[in-house]
Amino acid sequence: MSFNSVLFIAELPLLLTALTAIAVMLSIAWQRNHKQVFYITVIGLNAALFSLLPASSATPVTVTPLLIVDSYSVFYSALILIGSLATVTLARAWLKKFPDNREEFYLLLSLASTGAMVMAQAHHLAAIFIGVELMSLPLFGLVGYAFRQRRSLEAAVKYMVLSASATAFLLFGIALIYAQVGSLDIATIGAQISRLPQAESAHITLLIVGLGMVVIGFGFKLSLVPFHLWTPDVYQGAPAPVTTYLATVSKIAVFAVLLRLFYTIPATDSFFYSLLGGLAFISIIIGNLLALLQSNLKRLLGFSSTAHFGYLLVALIACRLGSLSQEAVALYLVMYLLTSVGSFGVVSLMSSPYQERDADELPAYRGLFWRRPILTSAMTIMFLSLAGIPMTLGFIGKFYILAVGIQFHLWWLTGAVVFGSAVGLYYYLRVISILYLKTPGMPSRDATNDWALTTGGFMVLTSAILVVLLGIYPQPLLDLLPLAQLATP
């Protein structure tokens, strides 16, 4: 078999991510050294990120019957690697004083990132399942990494049990699709469905049931209503850096799969897309209303995440109607990645594994501006962006989602987005106001002078700067959005 340089370049990012996990494993076996393992992970993930550049210039390459490397997979792989690198930088500060083994954290994270990249490249249901499991299994260990804390162990058990249930739905849905179509290749499934006689209602019904079960499986990963019940407890119990990963990388990978799946497979029945619309509607409304009631920052951001992916479902429903919807998804996910990394990054920088819990209760942030003004400014920018305030990237993202809803006459969903944004504005501004309240006897400063020079501090500040700069001048990001478009099936 001859060496194929095109295939090698196309798969180099995935190979480097997998090799990073192997290198970390060998380093742990040879000698436990937290600093060394951290640098191996950072170098490996950065190498994988930069290796995406030559892969993006190539035409779509079908590497195996399971994986395809195109501009779409390259774009979402870049988001996955950026989110993984952000988690690593936050984890280093959090793990410095961790009383138990620290190196395995980077091994589990590298394995989960490998699974997420497999999902971004998958165009076969078997590859999707492999990617989901390769990402999910390490996350069980990461969620329960602070195993001496009861909340962390409880969160890990809940996530494991409910994730196994979601996997069962996903597998059963894949089995029903295969039984009706006779293939697991996404493109073949789309072609076969388009040729099915509409008169064969039994075939269409079973296909809808199969696709519905796939949506249930992915709905759990995206914490959509009514599959969101795990989110507040797991977000609250998991270590702060792991919560960052759960909220960003794992959800971006799943949504990339959903978009490819429903763009390739034609609409089989209007009822199915009405069902997706219903999921979007209740996720937006209930997610925002539940966030309104929270006094814990992690739980608030967890329910807020449910609402944000409800907004994204609006664009997903219209994905076959025009390129604007795909651009809206890509832009909104970039915004969501930067703002979530920044907001959870602040929680991570405020937390310590020696504490009984992370610094996630809102009273812990009362008057934070008078103690840590720069950190508070970064957090304020993140929440203003999540609320969709002008001059931030969040405003551009919300504008694109509303434009999709209006252009394709999704009026009831557009109304839900407007209502959800209004409710979100209230609870985001409530958190911001708490940051600036001053109480008598409060110390003027309690932060070290060099916190912003640490890797985690630098990452939070960089995210805040990008959110503002891209909110004022989004053209560089808009120029990249065509990369995130799928080819017409």
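Cβ atoms here come from the backbone N, Cα and C positions, even for glycine.
On a predicted model such as this, the values are computed, not experimentally measured, just so you know.
Now, the feature entries from Swiss-Prot:
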- 6-26: transmembrane segment (TRANSMEM)
- 66-86: transmembrane segment (TRANSMEM)
- 105-125: transmembrane segment (TRANSMEM)
- 127-147: transmembrane segment (TRANSMEM)
- 159-179: transmembrane segment (TRANSMEM)
- 204-224: transmembrane segment (TRANSMEM)
- 239-259: transmembrane segment (TRANSMEM)
- 271-291: transmembrane segment (TRANSMEM)
- 299-319: transmembrane segment (TRANSMEM)
- 377-397: transmembrane segment (TRANSMEM)
- 408-430: transmembrane segment (TRANSMEM)
- 452-472: transmembrane segment (TRANSMEM)
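With a threshold of 8 Å between CB atoms, the same-chain residues lying at least 6 positions outside the transmembrane segment (271-291) that come near it are 208, 211-212, 215, 219, 224-226, 228, 300-301, 303-311, 313-314, 316-317, 410, 412-413, 416-417, 419-420, 423-424, 427. Counting Cβ pairs under 8 Å to the transmembrane segment (299-319), the top-ranked stretch among 127-147, 159-179, 204-224, 377-397, 408-430 is 408-430.
Proximity of distant same-chain residues to the transmembrane segment (239-259), defined by a Cβ-Cβ separation under 8 Å and at least 6 residues beyond the stretch ends, is recorded for 72-73, 76, 79-80, 83-84, 86-87, 90-91, 94, 109, 112-113, 115-117, 119-120, 122, 128, 131-132, 135-136, 139, 142-143, 145-146, 152, 215, 218, 221-223, 298, 301-302, 305, 309, 312, 316, 319, 326, 329, 333, 336-337, 340-341, 344-345, 347-348, 351, 353, 358, 360, 486.
Sequence-distant neighbours of the transmembrane segment (204-224) (same chain, 6+ residues past either end, Cβ-Cβ under 8 Å): 132, 136, 162-163, 165-167, 169-177, 179-181, 193, 196, 198, 230-231, 250-251, 254-255, 257-258, 261, 265, 268-269, 271-272, 275-276, 279, 283, 302, 305-306, 309-310, 313. If you look at the transmembrane segment (66-86), the same-chain residues 6 or more away from its ends with a CB under 8 A from one of its CBs are 10-11, 13-14, 17, 42, 45-46, 48-49, 52, 55-56, 58, 60, 109-110, 113, 116-118, 120-124, 126-127, 130, 244-245, 248-249, 252-253, 256, 260, 330, 333-334, 337, 341, 345, 459, 463, 480, 482-487. Remote same-chain residues near the transmembrane segment (105-125) are listed as 13-14, 17-18, 20-21, 24-25, 28, 37-38, 40-41, 44-45, 62-63, 65-69, 73, 76-77, 80-81, 84, 87-88, 91, 95, 131-139, 141-142, 145, 174, 177-178, 184-187, 189, 245, 249-250, 252-254, 256-257, 260, 264 (criterion: CB distance under 8 Å, separation of at least six residues from the stretch ends). Same-chain residues lying 6+ beyond the ends of the transmembrane segment (377-397) with a Cβ under 8 Å from its Cβ atoms: 304, 308, 328, 331-332, 334-336, 338-339, 342-343, 346, 368-369, 421, 424-425, 428-429, 431-432, 435, 460-461, 463-464, 466-468, 470-472, 474, 477.
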